[in-house]
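Undergrad: According to TrEMBL:
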type	residues	note
ACT_SITE	ASP45	active site
ACT_SITE	ASP258	active site
DOMAIN	29-378	domain 'Peptidase A1'
Amino acid sequence: MDALHRGVYPTGNGTSTVALDVSRFETEYLVNVTIGGQDFTVIVDTGSVDTWVVQRGFNCVDANGTSVPQSSFPDVRANLRFGNGAVLNGSVGFDTVTVGGVSVSHQELAVPDSIAGLSGNGILSGLLGLAFPSLTAVHNITDGTRALYDPFFFTAVKQKKLKNSILSVSIDRGTIEGRGNHPVEHNVGFLSFGGMSPVPVVNTSVTVPIQGYTVVNSTGIPSDGPDAMFFFYAVDIQSYTFPGSDTVVTASNNTILDSGTTFNLLPDDVAAVFATGFNPPATLITNPLNDRPIYIVDCNATAPEFQVTLGGKRFSIDPRDQIVASGKFDNGTIACASGTQPISAISPSFDTQFILGDVFLHNIVSTFNLIDREVTLTQRAEY
């Protein structure tokens, strides 16, 4: 009963499921982790790999388990950069990390001592990265090359903590009112290790390969060849279907499934045509936070249908997910944005890589297979 009270749900030998929370405006899905005996609330991010926490008096230890000052790791540093412009720099150390019922020893993690562009909310204190090791931002100081290591999920598999080499994520949507008025909502999804997240699903399901890349950086040409490097949980999208979609090219073979991104970030012309389908239509403005384009929409608008096809299967996005509470006006009323935004909303240089974020992930269970490098997507039952 104590495990259930904490939101940890044992599901069998070598499996564990932990309930998730979400911060205001559904900008971050959160999980409780224990590092070196201390508890932290961190972002669940399938779109990055480095686990990091920020706190005072962190106990850094070396490869032998001996406590040392953070300055005693002179050869490697973490330089973490995120799509929202946040930059974190700091030391790298090792400790025991526990998520749900899975505990791994000697886990490498970053401890930033310099942070820029990250807006705190008094709740989160770090991030749990779940992508591939090649995406690491830890680098060798001497030559700048990436200092590859096994992140938490990979360490759990190698230390034989899991029955199966899979992780599974299901995240729930909230209401417009709840998103804007509560600092955190509890029990809004699951993160499962070794098994599938326990939510009702329907028969629509497909398993597709995770895309690799032909060169040793995350912006190379997608490839499933034997020498491919793996960075993100990226998949080949055959098409998007929505009113007016027949007027634009919607296929994309380089699309990341990212629980750390709120919106769907798609080709600019796809987002533009989709925006016209709202009633009343969405309006394109310049985001005052980053001077990038963003489509805003009436919070009471009617959103058009939107479907994603991959692996020959079509998955539906509930129209409620396409109206995202994204802030408040000066008078206290909630401001809303289209759930499908142009990729240029985060950077003008992103035009070959796209993202299916929480707007899509609210509607599916995504189950990632580490060994086979596959992802299984399963349509959730309506909720």
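Cβ atoms here come from the backbone N, Cα and C positions, even for glycine.
Because TrEMBL annotations are produced automatically, they should be read as predictions rather than curated entries.
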Undergrad: What residue among the active-site residues ASP45, ASP258 has the most other CB atoms lying within 10 A of its CB?
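TA: Top count of Cβ atoms within 10 Å goes to ASP258.
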Undergrad: Could you round the CA separation between ASP45 (active site) and ASP258 (active site) to a whole angstrom and send it over?
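TA: The separation of the Cα atoms works out to 7 Å.
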